[in-house]
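To start, the structure under review is shown below, and the notes come after it.
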Amino acid sequence: MDMQLLTIGINHHTAPVALRERVAFPLEQIKPALSTFKSVFLGHPAPNAPEAAILSTCNRTELYCATNDRAARDAAIRWMSDYHRIPADELAPHVYALPQSEAVRHAFRVASGLDSMVLGETQILGQMKNAVRTASEAGSLGTYLNQLFQRTFAVAKEVRGTTEIGAQSVSMAAAAVRLAQRIFEQVAQQRVLFIGAGEMIELCATHFAAQGPRELVVANRTAERGAKLAERFGGRAMPLADLPARMHEFDIIVSCTASTLPIIGLGAVERAVKARRHRPIFMVDLAVPRDIEPEVGKLKDVFLYTVDDLGAIVREGNASRQAAVAQAEAIIETRVQNFMQWLDARSIVPVIRHMHTQADALRRAEVERARKMLARGDDPDAVLDALSQALTNKLIHGPTSALNRANGADRDSLIDLMRGFYQHAPRSSDTSDR
């Protein structure tokens, strides 16, 4: 069986954050996960180990692979279920399995921002490049996925360079500010705490800082990085360990860390609300897995929003850019066809390689026979003639035998094929009896 492309995954279209956080891969787990995925196929009849890459973000977890194993789809879904210890019947309804051109189209759309919650956002392209880099370091990339991702990045660049897909987009960070303004009439009068110091927190800090908040504080596990980010926006840093004791000081809390477990629990928030004498707290949890226990959202004076909640606001700004979407989709469709042509051409490579191997074996055998003839003193001209005759006979033996065995339409097709091979073959009208 030829190598087949396959994408298995879940995203914000197919699964809520409560499930997405359970199938997310922390960065440090991706390389070991790729290793275990490849090991699944060691006992299968397919001769080659699969190529694989894992893309894991707040909005999606996807496994891209290239394999010649017919059972790859079911094996990949079962592996994802087993790896995350989620019952298959619970996970399967939310999983999409995209083969061949569908997988290619999906990769192009994801990198171009067409499949993002924030239409046209650029962060996903960097995340995909990081996923490819990690897979490369893990030794799980090969010819097929390398080619897929290189073309994916080229398509994303083309889409962003020739369409207005990213123009006037409402980012998650901007959506967070809009929601805060619904709770607090003046963000400028509020104290804002950011937990984490990654790219998403940096974007949020940029948007909130533009509102001139009363105070801006960054709490991060790495103190130096948190201090550097806080200084950039005229704020100050706070040790993450101080969070439980000082949470009540802040009106707005935005969290996005790489923690695999919640860092803000129900009890801590209850104490903060009590200390604030029930003044409202606006909380945004942009992390997947979530940083804030979901039960916090049930508290009377807490307004908790997740990435899925912010998505509703983001989608309000997507409708106005449908012309750019149509233009981007047209570009992608053309590039999908181009890639599939390359993929189809790859399927003949083993055949060509086999033909070369056979022809070279024939050549070596006849050259060795000619050397023996020369060694025993045969006439060189006769040896050359015998060599060329033997090579000619053996090289045309296969095509000639195939023609003799063929009947009817198969024979006609073979004749046309042979005429294409041998450009100087006489036409049928030239081969009639004279």
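From the backbone N, Cα and C atoms, a Cβ is placed for every residue, glycine too.
Per Swiss-Prot, these features apply:
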- CYS58: active site, nucleophile (ACT_SITE)
- THR57, CYS58, ASN59, ARG60, SER116, GLU121, THR122, GLN123, GLN127: substrate binding site (BINDING)
- GLY196, ALA197, GLY198, GLU199, MET200, ILE201: NADP(+) binding site (BINDING)
- HIS106: site 'Important for activity' (SITE)
Separation of alpha carbons, SER116 (substrate binding site) and HIS106 (site 'Important for activity') (Å): 11
Taking residues THR57, CYS58, ASN59, ARG60, SER116, GLU121, THR122, GLN123, GLN127, which bind substrate in the record, the widest Cα spacing (Å, whole number): 15
For ASN59 (substrate binding site), the three-state class that DSSP assigns: coil
Proximal but sequence-remote residues of the same chain as ALA197 (NADP(+) binding site) (Cβ under 8 Å, at least 6 apart): VAL218, ASN220, THR222, ARG225, GLY226, LYS228, LEU229
Residues within 8 Å of the GLY196, ALA197, GLY198, GLU199, MET200, ILE201 Cβ centre (excluding the NADP(+) site residues themselves): PHE194, GLU202, LEU203, CYS204, CYS256, THR257
Rounded Cα separation (Å) that holds between GLY196 (NADP(+) binding site) and the residue listed as 'active site, nucleophile': 15
For GLN127 (substrate binding site), the three-state class that DSSP assigns: helix
Distance, SER116 (substrate binding site) to the residue listed as 'active site, nucleophile' (CA atoms, angstrom): 11
Listed in sequence order, residues not in THR57, CYS58, ASN59, ARG60, SER116, GLU121, THR122, GLN123, GLN127 with Cβ within 8 Å of the centre of the substrate site Cβ atoms: MET117, VAL118, ILE124
Sparsest Cβ surroundings (other CB atoms within 10 Å) among the binding-site residues GLY196, GLY198: GLY198
Rounded Cα separation (Å) that holds between GLN127 (substrate binding site) and ILE201 (NADP(+) binding site): 15
